[in-house]
């Protein structure tokens, strides 16, 4: 009887987990992320294929996407804040998937009838198709941004309730799902396009998003039904308290009066419910501008402003597995197979970072976890700095970093093939690695990628730390707009890093870009250190054994500006 009772209890526990709101959010996020990763990988390939193996359309698409999120991030977040949660989630889901399906169908038509479209009206019909694809794909990305803010930054917090440890575990699990889908989804759609055709690839993505949209819609409705708190959305900031668990407040020795202090500046108001509504076309037309300004002001007035800004500074780097680093790796003689293995190792390192985040947070607290993660990332990035001066490095300041830019602007094409810049290699066909001149030493490039891969542990742990700080310390009524501005900040620094590469594109200047990147990362972590020290003071450096939990308060203690 006891054994059968235990088995029944165990089976019921398993059943409860698979039907819980937490698991349903994981499932919906996995489906959504899988579709996003397939589309983001495939759309770049499609645009390159359509425009004659040139990255021009891809570059235009990237610029439009980044610029749109930069300008509209606060407005999207404000829309998320002002509307019911279920309506926001369902609307963004339907818009995102519908746009991807429409884009897929349009690309199928273009691939099927490209020759005929080229001849119609001197190719203007084909140009219109390109514009439609980029425009619709950009709308899909904006809807994806709204979905991300809604689910990952709001729904997860509500489902976790007042339990900070549960919130940390959910954030880590969501990030692991991101890492796995980032590896597997491009492999699947890449295999389909390789062994079948781009036409079939478009059809597969469209069909996937159609089916996924229906399943995700049902999962959202189930989560909403199982979590009554999702139906309650705060309307006044004065009623908001920081999202920290009562158990953690008790462990930290905080009184109920201290734990109930709102962490956000009360003057950071996006909209004032008591302000009179003004009529007039000009006033209504200027509403997005006022929302944009108010969102950035509210972001600046946050007590976690320095923490959010420090995360954005980490995007100003060439030390990641994007087209820039890949292009430089080709110049150093690394083959595509080696790069794919390095990308896999990078993903595994990122997963280790998410696991480390949950463990370190339990031992040291949330704010200290960010400090430890920053130190770990910077320590690993020192290997990248060492690679600049190691044997085999092509770093040479005597070669003007603006030489290739000047050559392109003047229309000269006299540079030898070995001197082609990273931008050249991305726009034109990259020479195979075996045709590159053999290097005397691989020490430099080995140190570079060893540092990049090892730093992912600290990077993802730090990212999760700042994410949870924003979740716990931004009041519910402004959670969307603050996360929207945070996304805009991330895109802004990401754009600046591409501008930096355009200004110094030749491989000889890559070492300079590495040093600048590490400097920005260090500056970001210095900002976080200032934030952490103002929050905890000398307690930041205290050990965090269980006996000392009462003394190590891990909550913000910044004064509220009046």
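For all residues, glycine too, the Cβ spot is worked out from N, Cα and C.
As given in TrEMBL:
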TRANSMEM  17-35  transmembrane segment
TRANSMEM  55-80  transmembrane segment
TRANSMEM  92-111  transmembrane segment
TRANSMEM  123-143  transmembrane segment
REGION    238-273  region 'Disordered'
COMPBIAS  242-273  compositional bias 'Polar residues'
TRANSMEM  304-330  transmembrane segment
TRANSMEM  336-359  transmembrane segment
TRANSMEM  371-390  transmembrane segment
TRANSMEM  439-459  transmembrane segment
TRANSMEM  509-529  transmembrane segment
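Of the ranges 17-35, 92-111, 304-330, the one with the most Cβ pairs under 8 Å to the transmembrane segment (123-143) is 92-111. Highlighted: of the candidate stretches 17-35, 55-80, 92-111, 336-359, 509-529, 509-529 has the greatest count of Cβ pairs under 8 Å to the transmembrane segment (371-390).
Sequence-distant contacts of the transmembrane segment (55-80) (same chain, six or more residues past either end, CB-CB distance under 8 Å): 43-44, 47-48, 88, 130, 134, 137-138, 141-142, 145-146, 149-150, 154, 270-271, 288, 291-292, 294-296, 299, 426-427, 479-488, 491-492, 494-495. Ranked by number of Cβ pairs under 8 Å to the transmembrane segment (304-330), the listed stretches 92-111, 336-359, 509-529 are led by 509-529. Within the chain, the transmembrane segment (336-359) has long-range Cβ neighbours (under 8 A, six or more residues past its boundaries) at 168-169, 171-172, 175-176, 179-180, 182-183, 321, 326, 329, 369, 373, 433, 449, 452-454, 456-461, 464-465.
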